[in-house]
Amino acid sequence: MPVKQVMRVLKRNGDSEPVDVNKIVKAVELWVADLDEVDPLRVATRTISGLYDGATTAELDKLSIQTAAELTGEEPQYSKLAARLLAAFVDKEVRGQGVASFSQSIRYAHQQGLVGDSTAEFVARNARKLDVAIDPSGDLRFEYFGLRTVADRYLLRHPDTRLVVETPQYWLLRVACGLSQTANEAIGFYKLMSSLAYLPSSPTLFNSGTRHTQMSSCFLVDSPKDELDSIYERYHQVAKLSKFSGGIGISWSRVRGRGALIRGTNGRSNGIVPFLKTLDAGVAAVNQGGRRKGAACVYLEPWHPDIEEFLDLRDNTGEDSRRTHNLNLANWIPDEFMRRVEADGDWSLIDPSDAPELPDLFGDEFDLAYRAAEKNAVKTVKARDLYGRMMRTLAQTGNGWMTFKDPSNRLSNQTGRPGNTIHLSNLCTEILEVNTNDETAVCNLGSINLGAHLRDGDVDWEKLRATVRTAVVFLDRVIDINYYPAEQAAASNPRWRPVGLGLMGLQDAFFTLGLPFDSAAAKELSTRVQEDIYLTALEASAGLAEQFGPHPAYQETRASDGALHPDLWGATVSQTERWATLKERVATTGLRNSLLIAIAPTATIASIAGCYECIEPQVSNLFKRETMSGEFLQINTYLVRELKARGLWTAPVREQIRRAEGSVQGITELPADVRELFRTAWELPQKALIDLAAARAAFIDQSQSLNLFMSVPTIGKVSSMYLYAWKAGLKTTYYLRSRPATRIQQATVAVLPALTPAPQAEADAEALACSLENPESCEACQ
Amino acid sequence: MTTIPSQSTGPGKQQMLLDPGMDLTLRPMRYPHFFDRFKDAIKNTWTVEEVDLHGDLADLAKLSPAEQHLVSRLVAFFATGDTIVANNLVLNLYQHVNSPEGRLYLSRQLFEEAVHVQFYLNLLDTYVPDLAERTAAFSAVENIPSIARKAEFCFKWIDSIYEMRSLQTREDRRAFLLNVICFAACIEGLFFYGAFAYVYFLRSRGVLQGLASGTNWVFRDESMHMAFAFDVVDTVRAEEPGLFDAEMAQQVRDMLAEAVECEVQFAADLLDQGISGMSLPDMREYLQHVADRRLAVLGIEPMYGSGNPFAFMELQDVQELSNFFERRVSAYQVGVTGSVSFDDDF
């Protein structure tokens, strides 16, 4: 649209000048050498159209970044352009404070009290070597959403001015230096992260090299004892852990239920709900340094008398004093419960004060103790009724995750001796570690970007192994350098030294290799990748044990008895010789880490790396991400490439995809095999997701954050699905994702042909049920 | 109100939606699509307590004076907007939509409007701690000219059929249709969609997430209200072809043109101090674009031929994916049905 005559901008020095479209074009042209689809003039004119008279040049710069980002839906290259304009903006901000090199940035941040002494000294000692290691082209690899997230939340900021004091590449090198002993080691680790082939988890990316080096993601807190002091101690512990970016899993199974006698006062207990309400408020009050909200998940075993009220905690109706809007909920389910569900048997609710041993038992011992305690049951329900309630909670809130106590314990390296029990999983259901009243389990995580480990239509196995070896060393390193916000955490981690090496970008690999998510080849590849990662990680851990000795609790592990994780599953391995060699080695050296693998959800780091999350299928070919940084359009670049190759990346096709909310099933010009490849999570059979997870599970010694997807859940479907998941042997599952029953009317896709004749009374009842009750799954209407 | 059973209709004459009376007969159901809308609405029940506003306060302090002005005008509009819609529903729509299943939906809509009023009440109580300022915000319809102008427009259309106790003549029914169209196309469909754009503009910049998430749910409801109202219009048009003629189409065009001007003068007030990324010409173009869409739904040629200039509005048309560490996921359903079974497909 035409620009009005006298639009002016205010420069940083206070002068004003007319807006010059050519100047903006030139600024954009600096970055488009490899972006042939970008039109700099378009960015410039659109930027000016949104501007007001008298805006500042900083506003102009920000608006041009935003404008470029908003064109992503038409052409994905604009995302790269926006990222580069943002990198230039950040660079200007850093240089404006007199920082011209990595070592200067560290010195400056140290003066501001941001960087820790040891890292500052390390960098000062190796300044020259580190400064030249910075890869100036590193920022070109970021997509906009990733870099925006980095700039808004990961880069260190001046405490008063709030200006960023490091560039994205300085940040990654700072993280590496915080974990390194030599400059070469730091540079190697930096290069790996800068290539986006591997990233440690957010707490490490936030805090490595700083004054508070809390770098662990997950804490697993045992249930408070059945007494007031212990409950309040747990609130305190949770607050401390939360403050430094940790996600909390906490069990509540030991605390007596509503109506149980309190001997000290001869009163009756109000049950666990009022205590959880307090926990809820506590978690909301702690915000993790302003970077994200605190988060916790409460685990409860289904024999607890308050289980039914527990399942209502996330409902959005009912008495608010009995609702917890911030807590996540998970069921910690013994096999005995699932067996009774299947057999349509009764299920006894038992007060923990009558059977305090139950949380510490699993397998046959649990079954016996539970059956013995049933004679004192508080209440008896039909197992299927309770299971149905669990399913309803999952379908209505996505919460109330199904995690399985027996396989979690039976198939764990840590539970080889009596008294070592896994009592719960963590906030994201991928960590399974033993804990006690005095030991809070800790895990630090990192994830490999599989999409960055492909070559010539296959996985680049050597590169993958090299990444695993580096990753294990640095995950292990965190254990010693870590700042532990609570003494219970400091007590556990050095004994067991567990780490969680994960995977992301599985969907990227499948797209690149042309494998539909539910194909046999996809399952085969995902299993082979996981076997190789686990095997290499064990080799690396054995190598560390040779150097530093096995972890102190090694003699309590199943590995010390000669059984590695695939043996517990009775799984068939493909690389038999490597496994045999490894076993011999472990027999003599032991392992440095009791656990090595956990597949975390990677919500944020996958964004930074620009890949799909963990082991998940894509949610949509076109969707938006909502985060604290704003909203971001995400488009499937693999699909765009495919459509462009066929000359189909046209405005009408884009409109069709938008109208169908990111589905391409209705684009009949695409051949069936392409449509099959680009199905979304909503369009895939969920059985396939479960089967893939079960197939790789023998090579995951902790667990995986497995989301399941169902557009329009019914109790029947959901209950069938979770029974299948349990029978498949999964240790844990995560959210049940569903979609809203109604939606905001689309504002930017064309209105469909006007005035469809009003449906006649009672005619077409079937078609109506389809379009109105099932807006998401009815292809005919999309 | 007295309950007057519908006049019995002879076998030759089919009963119509706007026939005067208080039909009580749900079976056989004449308009099952209204009933389906009622059921769908229930699945999306949300409550004000679910919206977390605590992060917004920090954001408000960070906003520029120009942005603060925008937000304060916007919430002042919200303070009364939904109440006006609720009043028209009770005073006009419920009375004349003579179908028990249609009235079920309207009852549900009334509940939703009440939740919206409660949400914005809670929002203002949180955003505006000063009692005098808060009182001023709630009386915006009287003392803020740009809002008073919009309110006047609404009252004019409420009053247009307020005296009518039943729709006896063709002219009555035409007046009623214009009222329905006004509230669907101009008030919920344009005034609220204007407000929608400001909120989403702010959200695309990463501020006021609490306002955005609550408003998101409000608009999800409003979209359904609008769809229901247009469904009523379509139904009446199908039952009485010729009622909606060229003259009426012209009246609708005039009404929308006036609404666009009302909303543009409101935008001129909001954007008065300069907002980077949201210029007044762009806002005018957006409102014209929305008005054209409303005409299209009614089968009327577009008046403006304007496109959507706001890329951030395109974000509203695609699925959301929240990082649960950061945002409460809003995509769940209530009222899930069925019973436990082990052999369903999934």
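Cβ atoms here come from the backbone N, Cα and C positions, even for glycine.
As annotated by TrEMBL, Fe cation 1 binding site applies to B:D82, B:E113, B:H116. DSSP assigns B:H116 (Fe cation 1 binding site) to a helix in the three-state reduction. Residues within less than 8 Å, Cβ to Cβ, of B:H116 (Fe cation 1 binding site) and separated from it by at least 6 positions along the same chain comprise B:D82, B:V218, B:D221.
What TrEMBL records for B:E113, B:E188, B:E222, B:H225 is Fe cation 2 binding site. Proximity of B:E222 (Fe cation 2 binding site) to non-local residues of its own chain (separation of 6 or more, Cβ distance below 8 Å) is seen for B:E188, B:F192, given in sequence order.
Among the features that TrEMBL reports, active site is placed at B:Y120.
What TrEMBL records for B:175-201 is transmembrane segment. Residues 18, 70, 74, 77-78, 81, 84-85, 88, 92-93, 96, 150, 153-154, 157-158, 160-161, 164, 167, 208, 211-212, 215, 219, 222, 225-226, 229-230, 232-233, 236, 243-244, 248, 251-252, 255-256, 259-260, 262-263, 266-267, 270, 275, 277-278, 283, 286-287, 290-291, 294-295, 297-298, 310, 312-313, 315-316 of the same chain sit 6 or more residues outside the transmembrane segment (B:175-201) yet have a Cβ under 8 Å from a Cβ within it.
Listed in chain order, the extra residues whose Cβ falls within 8 Å of the Cβ center of the Fe cation 1 site residues B:D82, B:E113, B:H116 are B:G81, B:T83, B:V85, B:A86, B:E112, B:A114, B:V115, B:V117, B:F119, B:Y120, B:V218, B:D221. The separation of B:H225 (Fe cation 2 binding site) from B:E113 (Fe cation 1 binding site), Cα to Cα, is 10 Å. In this structure the C-alpha atoms belonging to B:H225 (Fe cation 2 binding site) and B:Y120 (active site) are separated by 18 Å. Non-local contacts of B:Y120 (active site) by the CB criterion (under 8 A, 6+ apart in sequence, same chain) comprise B:V75, B:F78, B:A79, B:G81, B:D82. When other Cβ atoms within 10 Å of the Cβ of B:H225 (Fe cation 2 binding site) are tallied across all protein chains shown, the result is 24. Here the Cβ of B:E113 (Fe cation 1 binding site) has 24 other Cβ atoms within 10 Å, regardless of which shown protein chain they belong to.
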